[in-house]
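Asker: This is the structure, below, for whatever I ask next.
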Amino acid sequence: MKRYFVTGTDTDCGKTFVTNQLVNYFSNSAAIKPIASGCEYSENQLVNSDALLHQQQNHLSLEIINPWRFRLPVSPHLSAREDGASIDVHKVADYCLNLQLNDIKKLFIEGAGGLMVPLNEQDTWLDFLKLTRIPVILVVGMKLGCINHTLLTQEVLEINKIKCQGWIANCLDQDMLMLDENINTLEAKLKYPLLARTNYGGKISDICLSSL
């Protein structure tokens, strides 16, 4: 089973939407979101709205999709602390590397927030990637400032020798000024391919998804 880690340029860049689009596109694929904050109680258990969306796609249990759940809608390390818990990055890494799902050929692992979001007082998603070496798919939320955020993310990945499979342009605003020019700029400056583009509220448009 191939595994990919889906991270983004920022919170609310559209990782969940794009991840679900990838699951729709590829047969025999599934998605999980191992860590989520901002969960609410439903039927005596904490539930995350993003995990519920993945469940609708996957028909997997929430326990498989989202084993680490916390209440407050803040950074995972703070939300876990408020719940009297802590996140062990080694356990998260082991879970994502060893999870086996029948008939699933591609597993998309959605992170919480961006690459440098703290999971505890020492570790970030970058440390998770150093442990797992799972290749990254970068979701770029197309908005003002995305070029800077994207190039900074690329630099961190490069310095730490983390493989990036490619990036996806997620068009958040149908009225964004010079949208195509921004995408062209990123294509020229990034060292990995544009895999796909999602137009505002629309389906994913394949550009280079066959490389996954």
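Glycine too: its Cβ is placed from the backbone N, Cα and C atoms.
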Asker: Quick check on the annotation: Swiss-Prot has THR16, GLU110 binding Mg(2+), so which of ASP50, ASP83, ASP88 does it put in that site too?
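Answerer: Site partner of THR16, GLU110 for Mg(2+), according to Swiss-Prot: ASP50.
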Asker: Give the distance between the Cα atoms of GLU110 (Mg(2+) binding site) and THR16 (ATP binding site), rounded to the nearest whole Å.
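Answerer: About 7 Å separates the two Cα atoms.
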Asker: Whose Cβ, among the binding-site residues ASP12, ASP50, GLU110, has more other Cβ atoms within 10 Å than any of the rest?
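Answerer: Within the set of binding-site residues, the most crowded position is GLU110.
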Asker: I need the nearest neighbour of SER37 (substrate binding site) among the binding-site residues GLY14, THR16, GLY111, using C-alpha distances.
Answerer: GLY111
Asker: GLY14 (ATP binding site) has how many other Cβ neighbours within 10 Å of its own Cβ?
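Answerer: There are 21 of them.
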